[in-house]
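Chemist: Here's a structure for you.
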Amino acid sequence: MLLAVDIGNTNITAGLFLEDELICMWRMASNRAETWDEYGLQLIQLLERDGHTPADITCAAMASVVPPLNPVLSRAVQQYLKVQLKELTGDLRSLPAVRYDNPAALGTDRLVNALAGWEIYGRPQGRPVIVVDFGTATKLECVSAEGEYLGGVIAPGIRTAAEALTRRTALLQRVEIQRPKSVIGRNIAASMQSGILYGFAGLADGLVRRLTQEIAPDGPDPVVVATGGLASMVAVESRTIQMVDPHLTLQGIRLMYELNWPDAAAEA
């Protein structure tokens, strides 16, 4: 089986694949103070909790936006799971073409999202794809119907913006991010919740419409798929997001690994 690891700024998400099926998934905090030994023990505990052992894992791959954690997780996987954790980078095989000024500088989280979005949703329909990832940053990735990565947009993340709002103001306190009863807030908490939720739904819709004009001015409209921790909540209020795939990034890691190490992937 393949262990796919997504190292994000807030969380580390790991998933176990049997061929193309995600059979279990776990989350750990992205903690730069944590040692490889501590992460290794966590992985063992999570595996055992779901009825698996290190012997079940034959290969592993990671996409990371936190470089200091890369060697930590690599050693944890090597020492505790006895496999090499392959690091996915922008210069490896992915989409048919990458139209980015410096492909090596493209974050692999963005690249694997684009790859999965096209392979799973765009390619079967012969349509372009826009992937909206609601993470620590809000990222939109654009892929043509032919599988060309065209670039994208990076904006503040929902929680990032909400935390900045409370830090930079004297009277606004942190609120739970949830759907308010109405767009018009009748207290401070509801007003903030409305601004956060409907504001980001509007941000996503506005960007998707502008990107669509550039991607497909005359062709079929793109498939718009969202992922990330708050994607489901925002998608309900969005007029452009067509579907939510919470496992898109892990699927992209699997797909990119299979493209670059096909022999090892075939044995997973």
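Cβ coordinates come from backbone N, Cα and C, glycine included.
Just lifted these from Swiss-Prot, have a look:
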{"type": "ACT_SITE", "residues": "D109", "note": "active site, proton acceptor"}
{"type": "BINDING", "residues": "D6, I7, G8, N9, T10, N11, I12, T13, T136", "note": "ATP binding site"}
{"type": "BINDING", "residues": "Y100, G107, T108, D109, R110", "note": "substrate binding site"}
{"type": "BINDING", "residues": "D133", "note": "K(+) binding site"}
Chemist: In whole Å, how far is the residue listed as 'active site, proton acceptor' from T10 (ATP binding site) when you measure between their Cα atoms?
Modeler: 13
Chemist: Please give me the binding-site residues out of D6, G8, I12, D133, T136 that lie within 10 Å of R110 (substrate binding site), comparing Cα atoms only.
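Modeler: Among D6, G8, I12, D133, T136, the ones whose Cα sits within 10 Å of that of R110 (substrate binding site) are D133.
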Chemist: Among the binding-site residues G8, G107, which residue has the fewest other Cβ atoms within 10 Å of its own Cβ?
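Modeler: Output over binding-site residues G8, G107: least Cβ neighbours within 10 Å is G107.
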Chemist: What are the non-local neighbours of D6 (ATP binding site), defined as same-chain residues 6+ apart in sequence with CB under 8 A from its CB?
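Modeler: Residues satisfying the criterion: I12, T13, A14, G15, M62, A63, S64, D109, T249, L250, I253.
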Chemist: Can you tell me the three-state DSSP label for D109 (active site, proton acceptor)?
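Modeler: Reduced to three states, the DSSP call for D109 (active site, proton acceptor) is helix.
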Chemist: Write out, in the order they occur in the sequence, the residues of the chain not among Y100, G107, T108, D109, R110 that have a C-beta within 8 Å of the mean position of the C-beta atoms of the recorded substrate site.
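Modeler: The answer, listed by sequence position, is A63, V65, G90, L106, L111, V112, N113, A114.
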Chemist: Across all protein chains in the structure, which of the recorded positions D109, D133 has the highest Cβ count within 10 Å?
Modeler: D133
Chemist: Return one of helix, strand or coil for I12 (ATP binding site), based on DSSP.
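Modeler: In the DSSP reduction, I12 (ATP binding site) maps to strand.
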Chemist: Taking only the binding-site residues G8, D133, T136, which one has a CA atom nearest to the CA atom of T108 (substrate binding site)?
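Modeler: Out of the listed candidates, the nearest Cα belongs to G8.
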Chemist: Per DSSP, to which secondary structure element type does Y100 (substrate binding site) belong, with helix, strand and coil as the options?
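Modeler: Going by the DSSP assignment, Y100 (substrate binding site) belongs to neither helix nor strand, so it counts as coil.
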Chemist: Max Cα distance spanning D6, I7, G8, N9, T10, N11, I12, T13, T136 (ATP binders), Å?
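Modeler: That value is 14 Å for the farthest Cα pair.
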Chemist: Just how many other Cβ atoms lie inside 10 Å of the Cβ on R110 (substrate binding site)?
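Modeler: Other Cβ atoms within 10 Å of R110 (substrate binding site): 25.
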Chemist: Whole-number answer please: how many Å between the C-alpha atoms of G107 (substrate binding site) and G8 (ATP binding site)?
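Modeler: Cα-Cα distance, G107 (substrate binding site) to G8 (ATP binding site): 11 Å.
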